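J.: Got these off TrEMBL a minute ago, pasting:
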- A:4-54: domain 'Large ribosomal subunit protein uL30-like ferredoxin-like fold' (DOMAIN)
- A:64-75: compositional bias 'Basic and acidic residues' (COMPBIAS)
- A:64-86: region 'Disordered' (REGION)
């Protein structure tokens with residue numbers, strides 16, 4: 001089963017009430033918020049209503065909130081090679 | 001405030017004019033007080049067993065890394081598993097890397113937590129944060145580099161240079177603290193004043209080594225792993 005990965009790229013401020021309602025129904029509260037939904041005709045129709053505001057990707061499995069955060073976090077870039085006696 | 005700036009500039013001028021300025025700990029107490037930063041050595045965390053840590057003389061690296069995993073605080077990243085993917089080298093890299101390695105001194109743009117630091121061997125880096133879980137004397141391996149270059153050649157990463165091509169090590173020298181900052185917090189129509197004190201600590205690293213690995217060794221290791 002595949003999922004839509006929907007990210008709100010542009011804010012819904014200034015959009016008609018119907019459009020803002022769709023964003024609310026998708027759970028997209030602020031820009032760059034990411035949600036995952038299974039690929040169904042209902043969700044596809046919702047995406048069509050806000051297609052100018054979101055970016056959509058099809059993924060195999062949904063990520064948790066922590067996993068999405070971990071994607072953005074840069075690599076530490078170092079590791080402890082030799083520890084001093086402590 | 002202004003007088004402090006003047007005092008500091010005079011102090012700096014003195015330092016630059018006399019190259020044989022004694023180190024801070026030899027100065028009289030008053031002069032030491034004038035220095036803006038102080039050295040803080042953290043006490044080593046308790047519950048650590050020195051013989052189990054990977055010291056320089058330890059021959060087996062894999063065993064020691066697993067043993068320190070239990071002892072060192074989890075906040076320090078430990079050695080990751082070796083990269084299984086064989087090293088795919090561009091023909092231009094195989095051609096030019098020996099030329100880059102042949103030139104004497106190298107610079108490197110290392111990325112620590114995504115922030116770039118352009119350094120060369122012997123440089124002292126004051127990180128803009130306090131690195132938890134390290135003590136002075138620890139050797140860190142820096143494995144994310146955006147650029148690696150010499151006087152005439154630069155190897156650019158996309159976005160990073162392959163970490164098997166080079167070795168960059170840094171030694172933890174200690175921590176440095178900024179001068180105490182006091183911020184006055186006052187709300188309107190209220191006599192209460194709160195003074196917030198801030199004194200942040202910063203970790204000091206010294207770049208111990210910037211080395212470019214030899215291509216023959218890399219290819220030999222790649223063939224052995226296959």
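Note that Cβ sites are derived from N, Cα and C of the backbone, with glycine treated the same way.
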J.: Cβ under 8 Å, sequence separation of at least 6 from the ends of the region 'Disordered' (A:64-86): give me the contacting residues as numbers and ranges.
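T.: Hits for the region 'Disordered' (A:64-86): 34.
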J.: Do you know the mean pLDDT across the domain 'Large ribosomal subunit protein uL30-like ferredoxin-like fold' (A:4-54)?
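T.: Computed over the domain 'Large ribosomal subunit protein uL30-like ferredoxin-like fold' (A:4-54), the mean pLDDT is 96 on the 0 to 100 scale.
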J.: Would you mind splitting the domain 'Large ribosomal subunit protein uL30-like ferredoxin-like fold' (A:4-54) into helix, strand and coil residue counts from DSSP?
T.: 19 helix, 11 strand, 21 coil
J.: Residue counts in helix (H, G, I), strand (E, B) and coil for the compositional bias 'Basic and acidic residues' (A:64-75), per DSSP?
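T.: Output for the compositional bias 'Basic and acidic residues' (A:64-75) reads 8 helix, 0 strand, 4 coil.
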